[in-house]
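What follows is a set of notes on a single structure, which appears directly below.
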């Protein structure tokens, strides 16, 4: 992604998270030229959005709607949400795995709209804008304690350190030191609170400094509002600063010996709250990280020793205990503790005793030094002095650590720009709020004021710069609350507090009462309420009640001169470094109070932030229990209100919920317009602005829903953006469907091509094994037996299992189960046949049986009806090894016997139309050892051990099946014994069918070549023929329309037949103009017979039906179309009679002037003859010879059932299917005669053999 450029000669563009590209050519302020648009790609890893990722896109703007959206996203582990350029973060209280290096890299160089909301997106935007626009940046992180501010600050530092580049060793060292400041400052500045286990108890503004190349060259840290009161006291279940527990638990033995370090339970300052451990925090490991961070920033061992010396001194100072002496004054109970403190601070123990128990006071008169008094302290005052010394040491030690870090992070090159990260603990409301909460909340009020001013100002500036009309939104400006606290005139809370401290400085109780009196002057302020012992300030985050007690003492925030003199007398140079100020005994001016320091720090911070371009992160804590998946709706709703998220959304949505630069808008949505895209490529040649207009026009977005600025598109409502995004998603969906359709079509094409190749190959070679079996049958007979004509058909195949006994399911399985055929036996042959059955006292007769040959047995299976149920059983089972011979005749009959020679059973005499095939399979099963006896008779054992002979005679009277009578078989003449099967007939031509449909692939295939099928007749590709009318005699060149008949009275009609004289006739009217020639009608044909289609490309017709002729083929088939259903198919020409269109009647000439009387026509004359109905023409004698087609006529004599459907031809060469016999009729209709002549012509060029079926 290229860097953006600033507008030439113009003001800076508004920048936030998103990257804005300025116009490349600035003339009238609008973009010119074709934008550089990246090709759109489908986001394959894009997750389905949960709720809305930008709160400005909410349909309903309310605190509850914001809360519901945040809750929904939180429950789906989406903790980040935008409000325009503001990031809202909800603390998950667990590791979601979203800060890995891979995630970090996914945000490098990305616009915020290209990636989901994330703190890395804020860091990327800040770094990008600093590097591209040379503007200082700052990231303001706000929220209450435990909301995740510190974590967000660390992640920003992590991202910037990763992407800022720089291979120089000094730059890498700066990065390491910047990252090392986190564990160091967290140890000294963070603590466990009730709401957060790692709560920052100070404010930090980290300023990262960069050179012109965007490489870090230094950093600077400014700290604010350290909660030093935590050093001396904590409430139950809270802890002191982390460093005290790290040091007492994991200090090396050297420090334990030097500084007397013991466990945290031994010190008052670490044991008062009875909380020593924190879940999820290893103090020992954290101590090692702290020491390592000290080493990284370059802290020497001597400096580290002094730091830990001061920590030890603070811990031992807390163990100093006081008791009342006889005078009621404070007395130290354990002098050894004081002695050890003096050893640590390198001061005199007597001075420590005096500083803790005696206060030196000085009186002054008229500006002159007065008397000096030593005033003993009571135990309460002594404890206060003790705690004040501990707090002062730790406060100054923390400042020294920050300064030491800054000295190590000092810039090592020229500073061009900076990025500031403000991490300050947020708004606090406790049951009891004091001076610390007032200062914290005051600083947060100042930050909120900056946020409102800069956010609103940025919106107003952008609308003005883009020349957009908008309506200002009312919002709460908290400037009045800031003035209530910080103003001097009229005096605010801080001014009243300082005045009370100056007026009654000696007595803290009197000072507090004075402060309460001063607050009465603020009662007229609508944001303030004064109550007994406390006052209420109406902050932007809610009303907070502050307790007055002790507030003046905390505001004084100064050490007694006795304590300053004590540390000033130290022999340790490091102590002097912590307390560099020399005590001026003559200085009578009031030192600055804590409120003065807070006010000055806050104003300096505001001034620093106003010099930078801000980014905002608003953190939210979902619950007070630090539970990972708990979302407290009430608590979050309260935070939403005091963070002002609803007002922020309203300001951001001040008329427009979405805005984007022209080029980015076009890059995102150019797919939605056919004029700006083609096949996913950007095709618009105009400017980005015109492209954006075209997209909005083609997507039918109403003009009132958007405005075009100078460089941006402004969309009014979120629903419009949702619609655009939905259309974009739908585009990818549609493209995916197209690709899938094309791919599926291509797969179908491949499958169809493979199927056709396979079909052709199987048609060519697939039946070879069956043909080989058929040839083996010829060899087995060896010219010894006459053949039946049907056995010699070229299409005859020895398929074997005709009943399907070897199949799973169907009637074949029933036969197998009924006959008890073992599953281990292979079925070689099955067919229906007959067996000669001898009955006592009756002549033998054939009976139907089922013959099954396996690799082991021959089964003769009978089917009987028993109790109205079909019973299938094996009548006889003959092992093939027991067969001695097969006896058959030399004629064409189907009878044969299986010679077994059994002593118990006779030999079976069988009849089977597929006898030769049975012989062949049996011979193969016997490995060629079959003894086939062929003679003029058939031998078999009619009874066990008694041979009989059956004669076979040729009887010309037998034209059908063989007949058996009295041991003689009568059969007709057959084909010569030397006959062999005819060649396999060529299949009839079929209409070409395209390989694919839908125009996705050409009929010729992916290569685009012409299909070979195109040469075949295709119904859709044939031109429609035109009917040619028969010529009529004396037909005029241009036919005239018939004259319109006008009804006349009866008298007039009668008069027209009367004889008239030769008087002059009345002139006839002129004839009407000739009409246009009618369009030629399409040829039709009438069905003479019923025809039932047998193939998918044939058309069924009924006798008398009229069909339209599409094309005629010379092979006896016409392509016709059913005019009712528009279905097309092939129909036999012989079944149709073409309807000849009658010639149009010529226009009758005009009537003559005088018509002679006509002679009446006899009733029984020519007219009557013409009206006579002609005799119907005889149907054709024979259908065209078409193998494989079933005919409709009267059925032939029922053949013997062989379980095979075949087109049996009679011996006379007929089709085997009778058609109506032709009657001798001298006159045939013209259409039928023409059809018969065409058929005869077509048949003359072919051999009229019986193999073409």
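Note that Cβ sites are derived from N, Cα and C of the backbone, with glycine treated the same way.
These figures come from a predicted structure and were not determined experimentally.
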- Kindly point out the range from 1-40, 41-80 that Swiss-Prot annotates with region 'Disordered'. 1-40
- Task: Across the whole of the region 'Actin-binding' (418-500), what does the mean pLDDT come to? Round it, please.
- Result: 85
- Same-chain residues at least 6 apart in sequence whose Cβ lies under 8 Å from residue 145 (ATP binding site): 193, 195, 196, 199, 200, 425, 426, 428, 621
- Message: Which sequence-distant residues neighbour the domain 'IQ 2' (754-779)? Criterion: at least 6 residues beyond either end, Cβ under 8 Å.
- Response: 796-800, 916-917, 919-921, 923-924, 980-981, 984, 987, 995
- Query: Using the Cβ centroid of 143, 144, 145, 146, 147, 148, 149, 150 as the reference point for the ATP site, which residues of the same chain not in that list have Cβ within 8 Å?
  - Reply: 91, 196, 199, 200, 425, 426, 619, 621
- Cα separation, residue 371 (phosphoserine) to residue 144 (ATP binding site) (Å, whole number): 51
- Look at the recorded positions 150, 371 and tell me which residue has the greatest number of other C-beta atoms within 10 angstroms of its C-beta. 150
- Query: What's the CA-CA gap between residue 147 (ATP binding site) and residue 371 (phosphoserine) in angstrom, rounded?
  - Reply: 55
- List the same-chain residues at least 6 positions away in sequence whose Cβ sits under 8 Å from the Cβ of residue 148 (ATP binding site), in sequence order, or say none. 89, 90, 91, 619, 621
- Query: Whole-number Å distance between the CA of residue 150 (ATP binding site) and the CA of residue 371 (phosphoserine)?
  - Reply: 53
- Item | Alpha-carbon distance [residue 371 (phosphoserine); residue 143 (ATP binding site)] in Å | 53
- Task: Measure the Cβ-based neighbour count of residue 146 (ATP binding site), defined as the other Cβ atoms within 10 Å of its Cβ.
- Result: 25
- Query: Using DSSP, how many residues in the domain 'SH3' (1080-1141) fall into helix, strand and coil?
  - Reply: 3 helix, 28 strand, 31 coil
